[in-house]
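Have a look at the structure below before the remarks.
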């Protein structure tokens, strides 16, 4: 299919990786006798610092503390705030920066300055519609009679990441600001013209899909876990430290700026999180880590990626949300760890200067290796039954709009004769669990898949992938991005901009060092420590288990 065609095209990629640890011997538990049984380690914090001086502009004073030791071995986790604030009466005057608009500009109710030519054009240029309040005549619509829709891909453009894997609560970009322009972009999948926001330099609807599912299987749990979290932390975080639950105080209106308010689910604390279907990230990883390799489990990872479009953000003159600007102004000029950590947990440590949008389909099948061996079932038999050995084809719509994928699991492939008996793979207790790490898609699909997993349905197959893919255009997420530090977005005109930029640089470095596995007790017998939401965990080599990898397993003669 020619790339010059006006409709979307397909890039076919074949990538099947297989990582194995060789044949698995049978073991029996034989715990090593210990004279010093492991005791729970509770989170230990440093004492609070002294209160800072009273900030004359914020009329607040601050203090902070540090984490000395993380919880471990079922001890209390470190989930309390590291920063504190209280109101105060300043002893010096606040030197506020002048923020008057130019003569040819209109001063919005939000404090934003816009050109007067943008008044009464039907667009929400101010962010609170105050530019549309006093119109003596009918608004002169920017797009006039041209058909155009708001783009979900464009709303998500620029979204960032947190270096520890947490989903930011808000975006810094106002991607519903158009600067009086009506730049339209055609989407061949939905047969719709979408409006390109002012902040987005390039918006292109280009559909690409892996022709084949990428499958990987692991016998070592730690290998599988590293493969999963590499994408969550974008390879920034090398010390296996993950933090999914915000712990610092948040700006009250920051969530309102987030495009994820249209997304699927909420995490444990009630904040909007990024399109997780079955569980919060914390619950998902805890569930995965509850399956140990020593119980003769095998982990099959199935991945499929669909790209719907790509974007490039402008590198200057962008329109930031009012809440983002207010939160920058609310940062103290002196470095206060808790306040800067809160900002990073709200907006992320980095934003996306360019990237692609769509969805990432990722499932972990926990397989019972002993049962597979007993029934004569191989890994390829399971992949074939689930339909993950099939080629996918993308149909370009004609008269009817929408992304159309074809691919069908053949249930006859789920029957296999082995060891003298016919085995039905779907009913043979070969798949212990299916763990979802899917990103993107609408609420309807989320509920359907969640219900399927909660009923312990093991047959999440290629048909579910097709259903998910059809919902992506309504709820895309970032699947690939080029990142830039969040402090690059601080406008130079803001008071103390240079000092706050330096403070944010320091804050990112401190954030990484604060939540580090260096504050965990060592795991025994070659185990690897990882940190998840304030609790240190041990993942063990194949021949050991236990909360510290302290239990040996000896091979049967």
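For all residues, glycine too, the Cβ spot is worked out from N, Cα and C.
Of the listed segments 254-261, 262-269, 270-277, 278-285, Swiss-Prot assigns transmembrane segment to 270-277. Note on Swiss-Prot: of 351-359, 360-368, 369-377, 387-395, the range annotated with the feature transmembrane segment is 387-395. Swiss-Prot lists transmembrane segment at one of the ranges 220-227, 228-235, 236-243, 244-251, namely 236-243. Looking at 379-386, 403-410, 411-418, the range annotated in Swiss-Prot as transmembrane segment turns out to be 379-386.
Nothing from the disulfide-bonded residues 43, 57, 538 places its Cα within 10 Å of the Cα belonging to residue 143 (disulfide bond). Across the domain 'MACPF' (139-519), the model assigns an average pLDDT of 79. Using a 10 Å Cβ-Cβ cutoff, residue 536 (disulfide bond) registers 27 neighbours. Residue counts for the domain 'TSP type-1' (42-95) by DSSP state, with H, G and I taken as helix and E and B as strand, are 0 helix, 17 strand, 37 coil. Looking only at Cα atoms, residue 101 (disulfide bond) sits nearest to 108 among the recorded positions 88, 94, 108, 282, 540.
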